[in-house]
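Worksheet for the structure shown next.
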Amino acid sequence: MWKFIVRRLIITMPQLILLSLIVFILASMMPGDALTGQIDPNISSEAIEEQREKLGWNNPWYVQYSDWVVGVAQGDFGQSYRFKMPVTDLIWDRMINTFWLSLISVFFIYALGIPMGIISGRWNDKLVDQIITGYTYLGFATPIFIFALVTLWVFGFHLGWFPTGGSVAPGLESGSMEYILSKIHHLLLPGLSIALIGLVGTVQYLRSEIVDTKQKDFIITARAKGAPEQRVYNRHIFRNSVLPIAAFFGYEITMLISGSIFVEQIYSYPGMGALFLESIVLRDYSVVTALVLLFGLAAILGALLSDIILSIVDPRIRIK
Amino acid sequence: MEIKNLTTSFRIGEEYYAAVDDVSLNLQENEVLAIVGESGSGKSATAFSLMGLHNRAKIEGEILFKGRDIANLSTSKMNKIRGNEISMIFQDPLTALNPLMEVGKQIGEVLLLHKKDMSKQERRDYSIELLERVGLPRPERVVDQFPHELSGGMRQRVIIAIAIANKPELLIADEPTTALDVTIQAQILDLMRELKDDLNSGVILITHDLGVVAEMADRVAVMYAGEIVEIADVESLFVNPQHPYTRSLLSSVPATDFAQDRLHVIQGIVPSLKNLPREGCRFKERIPWIEDAAHEDDPQLHEISENHYVRCTCYQHFYFPEESKEEQTNGVTES
């Protein structure tokens, strides 16, 4: 198992290098840079050009790239041109915010999605299933950015139950009870918005797995043993149906750091998704490349995690 | 065990169609009753009715088990009987075991459900004992293995171990050897016969394999289109088959002791549940060369000798159509 994990991580390296190269080239192909646009018009173009030269932006892309790689190898992702702080510090703050938001979303996805899937699968084609399936179709069809806007408008703006932006109310002492409660209060609405749309896949997957497993021969065996229905469902049907959901959990973890671009933007929640969008708009290349690299790493680790989880829950799959 | 006028109907659209139609059978201790027939003849539907495993079927008639009618018993009451006093061996060992549960736990489950006073360790020890009893090598290892680590024959032995765990009085075997290869089939049949004698339990053997019937059964019921068409002791059925369907079935078995050019093939197919003939002789359509007058309007079981019953009078007038008759005599003379 450990051998497998190490080998998988080593295989990851070329993937990451290729990813960084592509991102770097794409970023430098974007028109403009951090010194175009919103900059004091009194500064002469010579001074700007001098800055560019000083920052090494006039070098060919491969020189820039190798400079960057040397930096990354030393743990230095450069400076954010916009926030005037090291990229690592900037990302770290945002990542913690996104982590909490994603954690609460993933929690709601499973806490709501799994019971819905079970009910829907167990009583398939009954009224309760039709209601749940109807909801999932609606969920599939609703873009998250529309849904998040509507929840923000209804519950945040009109009803005023939840704050409409930020990650914590200003002026609270970090670490105090009020501070934590305020954080949770800020997380609930965006978290629920993500979950209510994000859970439809889980519900549909679980439902069809349960409907499928119900027909299997070993379920008849279980009934023929004299197992009561509740036991047949809990021990035999559910356990066999939840495998793909468990495997998918690894990919959900990816979301924990990459965050939700739309929802963070709409709720002006200072997370990774929002940071990514802002950095692209403001041509903050060092942040963009660092983020893409991080997202790529997260996706690769998520896939690895999925494989490991699946090998733990399904005895037929063993990693050698 | 006595089955009286069992009728099992399934709903298709708005109407109910009987897959098992007015079947009456009885079974003694330590007796093996085989139910044979083609696919769709209602033999498995009969077995599932006895176990109460049909999901949405209408069951009429009586199933008397130890003097108690268990047809239409509530699920919770039926759960006390199945796996305990009546148990079942399934057709396909590859799919009949839960892939995510260790073999020991799957045997343990049937003990847990019916022997509440057994401790976890006792269940495990007894599971190992059962695995040994059904002839699995290294049972103390197999008990912790998963089904996918075992071969088809080994899995069928595990299923048998589950079935006999609580020493049932009635064992229903639904095509227990169909999915196995021939050498394993013989071993499994031997094992079943041995266990049956040990436990002194009755066996209902569902099969379409007449070889298995000849080897295992004491009595045979032949089913066609949901009805019993002939029932007799195994010797009289093989030596002196009467019903046209039984005779056709027997003559469609390849013989190994003489060369046959062509096997007898029964014309047509078993009609689907919806299109079953409900009046007159149900086999009539598949023997069109027999004149209509030979059939009864409402075919009954006739006792033609002791314990040998045949449905419909058409058996008295039955002959194989010309060419197949010739082939048969040819075959015999060649030998």
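In case you wondered, yes, glycine gets a Cβ from its N, Cα and C as well.
Automated prediction, rather than curation, is the source of TrEMBL annotations.
Feature annotation from TrEMBL assigns domain 'ABC transmembrane type-1' to A:95-306.
Residues 128-129, 132, 183-184, 187-188, 190-192, 194-196, 198-200, 202-207, 210, 238, 242, 245, 252-253, 255-257, 259-260, 263-264, 269, 271 of the same chain lie 6+ residues outside the transmembrane segment (A:99-119) yet bring a C-beta within less than 8 angstroms of a C-beta in it. What TrEMBL lists as transmembrane segment is A:99-119 (among others).
According to TrEMBL, the transmembrane segment annotation covers A:131-155 (among others).
Within its own chain, the transmembrane segment (A:187-206) has Cβ neighbours under 8 Å at 100-102, 104-110, 112-114, 116-118, 120-121, 132-133, 135-136, 139-140, 142, 144, 147-148, 151-152, 155-156, 161-163, 167, 241-242, 244-245, 248, 260, 263-264, 266-267, 269, counting only residues six or more beyond its boundaries. Per TrEMBL, transmembrane segment is recorded for A:187-206 (among others).
Using a Cβ-Cβ cut-off under 8 Å and counting only residues 6 or more beyond its ends in the same chain, the transmembrane segment (A:241-267) has close neighbours at 95, 98-99, 101-103, 105-106, 109, 114, 117, 121, 144-145, 148-149, 152, 164-165, 189-190, 193-194, 202, 205-206, 209-210, 212-213, 273-274, 276-277, 294-295, 298-299, 301-310, 313-314. Annotation source TrEMBL lists transmembrane segment at A:241-267 (among others).
The transmembrane segment annotation in TrEMBL covers A:287-313 (among others). Distant neighbours of the transmembrane segment (A:287-313): 1, 5, 8-9, 12, 15-16, 19-20, 23-24, 27, 68, 72, 77-78, 80, 82, 87-88, 90-91, 242-243, 246-254, 256-258, 272, 275-276, 279-280, 319; these residues of the same chain sit at least 6 beyond its ends, with a Cβ under 8 Å from one of its Cβ atoms.
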